[in-house]
Amino acid sequence: MPANSISTQADGKTFEQLRQECLQKKKLFEDPDFPACDSSLYFSQSVPINFEWKRPRELCENPEFIVGGADRTDICQGALGDCWLLAAIASLTLHKETLARVVPNDQGFDRSYAGIFHFQFWQHNRWLDVVVDDRLPAVRNRLVLLHSASNNEFWSALLEKAYAKLNGSYESLKGGSTLEAMEDFTGGVGETYETKSAPTDLFNIMKKAYDRGSMMGCSIDITSSAESEAQTASGLVKGHAYSITGLEEVNYRGKKVKLIRIRNPWGQVEWNGAWSDESREWNVIDSSEKQRILQNSMDDGEFWMEFEDFKANYDKIEICNLTPDSLTDDTKRKWEVNMFEGNWIRGSTAGGCRNFIDTFWTNPQFKLTLLHADDNNDKCSVVIALMQKNRRALRKEGLDMQTIGFALYEVRETTDEDHLGKDFFRYNGSKARSKTYINVREISERFTLPPGNYLLVPTTFQPHDEADFIIRIFSEKAAGTMYDIYVWEYCLSISISFKQIDVLLPFTLWLIIYLSIYLSIYLSIYFCYWSLLLLYTCIYYH
């Protein structure tokens, strides 16, 4: 396990320590933190299937961790509705260095096999090493969840199990955003584009993202739950997560045509329009160009389509950038990142959005100072990402993603208040803000702002909604300067200003505090009085 990753085992033992223990005892590992039982599968209700937990050697004769290199065909969706995760895994296989971090190569079914495997995920600015045993849910000796097209290959099924453990259960993985898993695989920064309102140079943006090693996914919106995973006449699936695996330009009948390659994690059900697998368009282009484009393409759910058809049929594109560099220009910057944690607490720091002016000001506030403009520019580039913590694991407690957003206000340099009050927000509009409030794990926005002092206010949409969060703030670091961005957190929940606390805590709590103080003083006086009286009596009668 790399030194900068943290073991998640309850006993604190690392993968290597646990494996060596099992080898010495000549027994296969059984994970006490994620046992082979129903609670690891689901939390809401049981399913009418009798699952059996089987190790790979009980399912085939010669199991292998990875067969011939990990690739997109190793990811076939099972009975669990986690296509968003599978689309991210398919993108992960395109980036070998990142894949090697998430799926360490120090494991397999050779002499060191002990029924134990491990995977690494980014969580809240740190890398976690998640250990699992290799008992997998099966029915009639066949894997029923994520599996490989090769019956004797198991890295993808074990990766899904480790991610399920990280989030509390397999059921916790049902439904989600591809961007969420991509960030957990990379620690990257996410951006979302709506195809119908995207920039005119969207193809160039995506091509640049692909060339820079970014991970990408796409999906088709649904208007009701009845449309979820409904198949269109053209072979596309609504409410379903796809991975984007390539972009190309070809000469077709004397003009350049933009193409995009997409993969369905089902391993089947493909686009049947222009540029699909057997379409006539491929017979018109030059044979060498056809060979160049198709040589890395795969069957089983992967297909090409013209970019204009893509925009007409798909609604959302999710891009996970490994750095915050803009995809709309060619400038590469060195970024400074600051990360801060906070929480929204009912009755204290959960003030809701600006619609609730009477409580909005009680939200956590972060002061930002942008000192220096970007090189060759008079403004500062800054990326702000607000992420909820651990919400997927809390599903078993009836909780889900909160609807979140943030606003950025310009403040005077002379402002010395620890926490700005209601009047400031009543009479001052925001300088910038998140595009919308939405119930996803993370929202991020890119801003270009003049140097100055700002106040960042992260909020839930409704007051009193509780959650923990982290904020990542990226700013360009100009050569020869200190950090371009300085952040001081003024979170009400940890403030030491008596005056602040006096106006923030609920009246009933302060009534209890004042009564306790009064009672303590009264009792002190009472005992002093009787002690003095007793002393006087003893002296007098003595």
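Cβ atoms are placed via backbone N, Cα and C, with glycine included.
As recorded in TrEMBL, the features of this protein are as follows:
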ACT_SITE  C83  active site
ACT_SITE  H240  active site
ACT_SITE  N264  active site
DOMAIN    28-323  domain 'Calpain catalytic'
TRANSMEM  507-536  transmembrane segment
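What TrEMBL annotates, mapped onto the structure for a quick look.
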residue: C83; record: active site; Cβ neighbours (10 Å): 24
residue: H240; record: active site; Cβ neighbours (10 Å): 23
residue: N264; record: active site; Cβ neighbours (10 Å): 25
Distance from H240 (active site) back to N264 (active site), taken between C-alpha atoms, in Å: 9
Cα separation, C83 (active site) to H240 (active site) (Å, whole number): 7
PLDDT averaged over the residues of the domain 'Calpain catalytic' (28-323): 92
